[in-house]
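Some notes on the structure that comes next.
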Amino acid sequence: MNIDKFTAHAKSVIANHQSLAIKNDHQQILPLHLLSSLLSEETGIIQALINNIGGNIHLLKDQVQLELNKIPKIQVDGGGQIYYSAEDLKVLEKSRSIAKDSGDSFVTIERIFEALTYDNTIAGKILTNNGINSKKLAAAILHLRKGKKADTESAENSYDALKRYGRDVTELAKNGKLDPIIGRDEEIRRAVQVLSRRMKNNPVLIGAPGVGKTAIIEGLAQRIFNKDVPETLINCRIIELDIGALIAGAQYRGEFEKRLKSVLSEIKESSGEIILFIDELHLLVGTGKVEGAMDASNLLKPMLARGELHCIGATTLDEYRKYIEKDAALARRFQPVYVGEPSVEDTISILRGIKEKYELHHAVRISDSAIVAAATLSNRYITDRYLPDKAIDLIDEACSRMKIELSSKPEELDELDRRIIQIKIELAALKKENDEHSKKKITSLTEELKQLDSKSYDMNTKWQAAKSKLQQAQKLKEELEQARIDLDRAERDANLAKASELKYGIIPEIMNKLQAAENMDNKGLLKEIVSESDIASIISRITGIPIDTMLSSERERLLVIEQKLSESVIGQDEAIKGISDAVRRSRSGIQDINRPLGSFLFLGPTGVGKTELTKALAGFLFDDRNALLRIDMSEYMEKHSISRLIGAPPGYIGYDQGGVLTESVRRRPYQVILFDEVEKAHLDIFNIMLQILDEGRLTNSQGITVDFKNTIIVLTSNLGAEILVNQQEDEDTYKVKDEVMQYVRAVFKPEFLNRLDEIILFHRLNRNNIYDIVKIQLGSLKKILLQQNIILEFNESALNYLAEKGYDPSFGARPLKRLIQREIQNNLAKMILAGKISSGNTVKIAREKEELRIEIID
C-alpha cells in the first residue's frame, strides 16, 4: 500500500503497529495492532480526543492488551512471512477516504483513529463499547483542529499549538503553583501600562540575571487571576512560549516557521485574550534562519506593530544591547521596563513571602534569623550574582541539606549501631578461642552488647516517634495549603457557605493540630529548624571562608591578632601592630567597606619575615596559610606583561583564558594577594592597582568586574633595605623611616602611595630574635618526625649554637634555615636511610665543642 500521502506521525504509527505484530509473533497485522499503536503514540493527540469524548485511555489500553494476548502466537521461520490482513488495509484505505472528503492533503493519525470506528473487527467493537463512535470523534477532531486542514507532512504539530509549545502561567496561578511575589509593584504597574496601550503594547523586562524578571510575569499572572488589573486585561491569559519545544524535531526547512505561525495564528484568533511571554527574548533573533529563510523575530514584527500580538519579553541588558538593539525594527516594537536588583531589606521581605512554600516542599521550618542571614550574608560574600536569586538559593540548599539529614539516622544513633556491629564481629572471632582471656573478654563484650542493644532500641523508638510527628506535621501543612487554595477559589466563586466552612472551621482546626504537632519535643534527636548557622555553613562551602569567621564574635578574635601572628613572625612587633590595626579598622566597619580589607606595603631587607607575615595573616584570617595568591613582580618588567594580570585584549591569543590576578580572585574572593618584589615591575602596572586599592574592584579584559572587597593586598619591596640593615638599635625610628620613604617616593607615584592603608618597615633581626626563630624551626622539624613516630629532643646548648652560627644581619633568618638543613636534617636523613633511626626511637641533639652531636635512644 502506498503511504506517501500519510503524515510523518501517521507513518510512524503504521511502522509501529507492524513491529508490534512481529514482536508478539502474530502472523497477521490486524486493526487491533493499529489501535494499540495509536493509543501509545507520543503527540498526545489521541489521548486529547479520547478525553474530549469522555473516554478512558488506560481502560482502552488494558482491553486492547487483553485481546492481543488472545491472538495465537506462530513461530515464523526464515521461510515464513507476516502479512497485512484485509481488515487492516481496509482501515488504512478508509482513513485516506475520510481525509480526502475532509479536504486534507495528508492522512493524519486522528483520521486513522476515526477510520477504526467504522471497523467491524474486535478493534472497532472495543471503541464502540467505550462510547467512541464516528460522530463523536468527528466533532472532537473539528474542535481540536479549529478549522485547520492537514496540508503538510507535519500537520499534527500545528494542532493546539499554544498548549504544545507554551505554558499557561495564569493556570499555574489558579492552581496555587506560583510563589507569592513581594515588592515588585512598580515594575508590574509599568508592564500593565505598556500592555494597555493601543499600539506597540509589548513590554520587555531588562535586568541582570536573578533579579526577578520572570517573577514579575508570575506576579502579573496572579493579579490577572485575582482580577486586580484594568478591565482590558481581566480576561487575559499569559502563555510562556517554549522556544526549545518549537525548535526540537523541526527536521525540514520551513517546519519551524510553520509551528511558530500556528502559535501566532491561535493568539490572533483569541482576540487579544492571550499575552505571549518570551523568556530570553534575544533567542528569537536568528532562530530558524537558514539560507534565504526568515528568523523568528521577523515573523513577530508585523503582528507586534499592528497590536495584534500582546507580547512580554525578558532578557539581560548585555543581550538586549547585543541582539535586540542591533535590530532597530524589532527594538522599537518593544518598550523597555528596567528591573533593578532589590535591596537587602526588600530581599528579606521577598524571602519571608516565599518561606512557607519552601517549608512545605522540604518539610522543615525556616527561622527568621536564617532569612535575614541569607539576605545579608549573600549580599556581603557572594559578589558575582544578584539578589534575590542568590539568597533564595541559600535558603533552598540549606533546607535541602536539612531534609537529607532528617531522612537519615541521627549521628549518635548511627555511631551506637556501628559499635553494636563491631562488638558482634569481635564476639564471632573470640568464640573460636578457648583461652581464659578470651572467655573473660566474651563475658564483658556480651554485657556491653546487652546494654547497647537496650540503648539502641530506646533511641530507635524515640527517633521513629519523632519522625512520625514530623511526617504528621508535614501532612497537616499540605492540608492547610490545599485548604487555603480552596478558600481563595470559594471566595472568587462567591460560594459563601464553603468559604465560611473553610475559614472558620477547617483551617483553624488544621492550624491548631499543626501548632500542637510542632510544639512536641523530639528529644533533641532531629533538628528541623533551619537556622543562621546552617546558612553560614552553606556560604562557607560556596566561598571557602571559614564559618567561625562569620558567626563567632569577631571582636574577640581580632583583639588577639597580634598574639597569633607573633607565634609565626619574630622581631617585627611594629609591623604586626600596624597590620593588626588596619585589619581591625576594616572589620569593625569604620572604614569604606568598598575597599579591600587592607592594603600594605612591606619594606625591609631580605629574610626578616615579610612573606612569612603574609602567610601567617592568611592563616589567621582564612584558617588556611595557602589562601594566598603570590605574584612575583619580577616577571612583569615589560609594559605589555600587564595583560597577564587582567587577561589578553580581544584579538590576542589567550583572550578567553582570563588573567592570573582576576581569575584567581573570581574563583576565590577571600584570599591574601602578595605582590612580591614590587619595585621590579614596570611602573605602568601600578596604574591598575589604583582602582583595586581605592574602589575594591577591577575590570578584566572581558569586561567582567572582579570584586576585591574581601581580599588583603600586600606588596613587598627591598627599597631602602641598606638603611634598615645598617640601622642601630638606639637609632630614631622616625628618622630611619623618613630616609627609607625618600627611596620609596622616588620610585612610586603619590596617588599610589596615598591609597595604601599602611607602609610598614621591617627591621633587621637581632640575636634574640634568631634564638626564637630557631625554636620555631626546630618545632616544625619535631612535628614532621613525630609523624614517623620519631621523637626529637634538643637542649639549650644546641639552640645557642644554631642561633650563633645562623645569625647574619644582612640576610635575616634564611641562613639559619640553611644551617639547620646542613647540620641536622642532612644527618638525620642519612641515619634514617641507613636504618640507624627507626620508628619509636628518640633522637637527642646537643652541642659538642664546635659542632652538633646526634644521639639515638631506643
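Keep in mind that glycine also has a Cβ here, set from the backbone N, Cα and C atoms.
Taken from Swiss-Prot, the feature domain 'Clp R' applies to 3-147, supported by sequence analysis.
Summarising the annotation, Swiss-Prot assigns region 'Repeat 1' to 6-71 and lists sequence analysis as the type of evidence.
According to Swiss-Prot, the region 'Repeat 2' annotation covers 84-147. Looking at the region 'Repeat 2' (84-147) alone, the prediction's average pLDDT is 81.
According to Swiss-Prot, the feature region 'NBD1' maps to 160-341.
Classification of PRO209 (ATP 1 binding site) by DSSP places it in coil, neither helical nor stranded. Take the CB of PRO209 (ATP 1 binding site) and look out to 10 A: across all protein chains shown you find 11 other CB atoms. Under the heading ATP 1 binding site, Swiss-Prot lists GLY207, ALA208, PRO209, GLY210, VAL211, GLY212, LYS213, THR214, citing similarity to another entry as support.
Residues or ranges marked as region 'Linker' in Swiss-Prot (evidence: similarity to another entry): 342-544.
Feature annotation from Swiss-Prot assigns region 'NBD2' to 554-764; the stated evidence is similarity to another entry.
The ATP 2 binding site annotation in Swiss-Prot covers GLY604, PRO605, THR606, GLY607, VAL608, GLY609, LYS610, THR611. VAL608 (ATP 2 binding site) falls within neither a helix nor a strand when secondary structure is assigned with DSSP, and so counts as coil.
The feature region 'C-terminal' is assigned by Swiss-Prot to 765-858.
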Number of helical, extended and coil residues in the region 'Repeat 2' (84-147), per DSSP | 44 helix, 2 strand, 18 coil
What are the other residues, in sequence order, whose C-beta lies within 8 angstroms of the center of the C-beta atoms of GLY207, ALA208, PRO209, GLY210, VAL211, GLY212, LYS213, THR214 at the ATP 1 site?
-> ALA215, THR316, VAL339, GLU341, TYR386, ASP389
One should report the C-alpha separation between GLY207 (ATP 1 binding site) and THR611 (ATP 2 binding site), rounded to whole angstrom, as 44
Least Cβ-packed of the binding-site residues GLY210, GLY604 (other Cβ atoms within 10 Å) is GLY210
Express the distance between the Cα positions of GLY609 (ATP 2 binding site) and LYS213 (ATP 1 binding site) as a whole number of Å.
-> 52
C-alpha of THR606 (ATP 2 binding site) to C-alpha of GLY210 (ATP 1 binding site): distance in Å?
-> 49
Looking only at GLY207, GLY212, PRO605, which of these binding-site residues has the biggest number of Cβ atoms within 10 Å around its Cβ?
-> GLY212
Sparsest Cβ surroundings (other CB atoms within 10 Å) among the binding-site residues GLY607, GLY609 = GLY607
